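Remarks on the structure that follows.
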Amino acid sequence: MTANQSDNTKPLRIALAGVGTVGVGVIKLLDTNADLVTARAGRPIEIVAVSARNKGRDRGVDLSPYAWEDDMTALAARGDVDVVVELVGGSDGPALALARNAIAAGKSLVTANKAMIAHHGQALAAAAEDKGAALKFEAAVAGGIPIVKGLREGAAANSIERIYGILNGTANYILSTMEHSGADFGATLKDAQELGYAEADPTFDIEGVDAAHKLSILAAISFGAQIDFDAVDCEGISSVRAADITQADALGYVIRLIGMADVEATAGESPALLQQVKPCLVPKGHPLAHTTGATNAVVAEGNFSGRLFFQGAGAGDGPTASAVVADIIDIARGETGSPFSIPTAQLVPMTRAVSDNRTGQAYLRFTVTDKPGVLAEITAAMRDADVSIESLIQQGRANDGGEVLVALVTHDGPEGNISKAVELLKGSESLTAPPLIMRILSE
Ligand SMILES: NC(=O)C1=CN([C@@H]2O[C@H](COP(=O)(O)OP(=O)(O)OC[C@H]3O[C@@H](n4cnc5c(N)ncnc54)[C@H](OP(=O)(O)O)[C@@H]3O)[C@@H](O)[C@H]2O)C=CC1
Ligand SMILES: N[C@@H](CCO)C(=O)O
């Protein structure tokens with residue numbers, strides 16, 4: 001740690017890399033809430049230097065009081081900086097170089113970058129522990145919700161049995177807007193981008209990758225597991241059609257992109273970690289069904305606390321800045337702690353769990369050619385794979401003998417049987433696209 005970082009009376013001097021949606025939010029928060037932040041941190045927090053790509057860009061805030069660095073890695077080498085705040089993004093590249101350099105220089109690092117933490121968080125945490133520096137990433141998971149603190153501190157006494165929820169604001173904004181207004185997917189995504197919710201590459205939001213980054217971080221904290229982003233079974237919302245939303249509604253559900261993780265005890269072997277991000281049908285009575293817009297919600301089930309429900313804005317300048325500054329305040333107070341709740345060297349490697357033997361209900365949607373025998377072909381595959389059907393709906397009739405939708409809901413049964421049924425239908429000339437399978441979340 002730098003002398004200033006450990007001296008709890010002098011101002012804590014920070015450098016901001018990235019002055020975009022979140023960076024500007026941080027500047028505004030530190031300005032608006034200066035007295036309150038100083039009181040809670042026990043000392044002033046001062047921005048001394050900033051860096052971004054384009055010095056001349058109008059950001060709606062005055063950057064002239066701060067030193068400017070064209071090369072953001074230079075922030076790590078500045079003698080007048082105690083804490084580097086990385087708000088650029090990207091799992092590798094300049095953000096990672098800055099993070100490594102800052103920690104190597106003994107500076108604490110605050111970041112909102114879930115991609116970097118999901119891929120390199122463990123190595124960065126080990127390096128930070130070696131240097132006695134802090135690594136903090138509250139804003140990387142679920143925006144303004146204090147879920148990292150909630151698990152590391154509030155729920156620290158519990159064994160977490162399962163963690164799940166809505167971890168991507170953009171996908172939730174798209175699904176819930178389509179549900180309420182019938183708006184088109186593309187137009188809704190554009191709105192989310194304009195509101196500053198989406199990642200630089202919005203396919204990360206749509207395809208579940210951003211939620212998978214966050215889930216892998218939560219799993220490491222919740223279960224003491226080594227981060228294993230590659231083991232997340234990940235599927236996004238791009239295959240969900242307006243017709244699925246309508247169908248789900250008629251059946252008493254809404255569609256949400258759900259991240260879920262738990263650990264299976266395996267006799268004599270290393271524990272198996274299940275990590276899944278998938279669109280699911282959520283009963284309208286479930287609290288996650290009422291989570292709309294860019295709101296995120298996380299359910300953590302502790303063995304003594306019971307079910308904990310965290311909800312709040314999952315994206316946007318203000319909420320994300322709130323999480324970033326909370327981390328800075330912690331560092332000003334001298335709170336370093338293990339980034340993943342236990343010392344990094346104690347995080348356990350876990351094998352990847354498969355969900356074939358898990359039971360539950362599912363929604364299956366087929367797009368098929370409108371011709372005799374199609375329904376019989378689908379139901380025969382269900383019979384042969386031992387999948388029991390609760391209800392089956394064929395939506396309308398194609399005027400031109402073209403494509404129609406067939407949706408069915410299964411009774412409780414093993415997930416593996418559904419995969420078997422889908423496998424049996426593979427290559428069928430009746431199917432015009434791969435089927436969409438969504439698990440139904442139990443109440
Ligand atoms: N937006 C949100 O709601 C949330 C975002 N996050 C995370 O926060 C981080 C920042 O996101 P956000 O503020 O939305 O992103 P923006 O795109 O709005 O801002 C990114 C900033 O980084 C700068 N930048 C980009 N590349 C470089 C580079 N190579 N060298 C120097 N500066 C660079 C940009 O410079 P310039 O302005 O000159 O182009 C810009 O100031 C990301 O990791 C994101 O995942 C986390 C939670 C919520
Ligand atoms: N793109 C992310 C930002 C918050 O991490 C989202 O939409 O949730």
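Using N, Cα and C of the backbone, Cβ positions are placed for all residues, glycine too.
Note that the structure is a prediction, hence the values are computed from the model and not measured.
Some features that TrEMBL has for this protein:
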ACT_SITE  Lys214  active site, proton donor
BINDING   Lys114  NADPH binding site
BINDING   Glu199  L-homoserine binding site
DOMAIN    363-439  domain 'ACT'
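Here the Cβ of Lys214 (active site, proton donor) has 28 other Cβ atoms within 10 Å, regardless of which shown protein chain they belong to. Here the domain 'ACT' (363-439) has, by DSSP, the following mix of helix, strand and coil residues: 22 helix, 29 strand, 26 coil. Geometry remark: the residue listed as 'L-homoserine binding site' versus Lys114 (NADPH binding site), CA distance 11 Å.
In this structure, Lys114 (NADPH binding site) is part of a helix by DSSP. The candidate set comprises the binding-site residues Lys114, Glu199. Of these, Lys114 has the most other Cβ atoms within 10 Å. Lys214 (active site, proton donor) carries a helical DSSP state (H, G or I). Over the domain 'ACT' (363-439), the average per-residue pLDDT in this prediction is 92. In the three-state DSSP scheme, the residue listed as 'L-homoserine binding site' is classed as coil.
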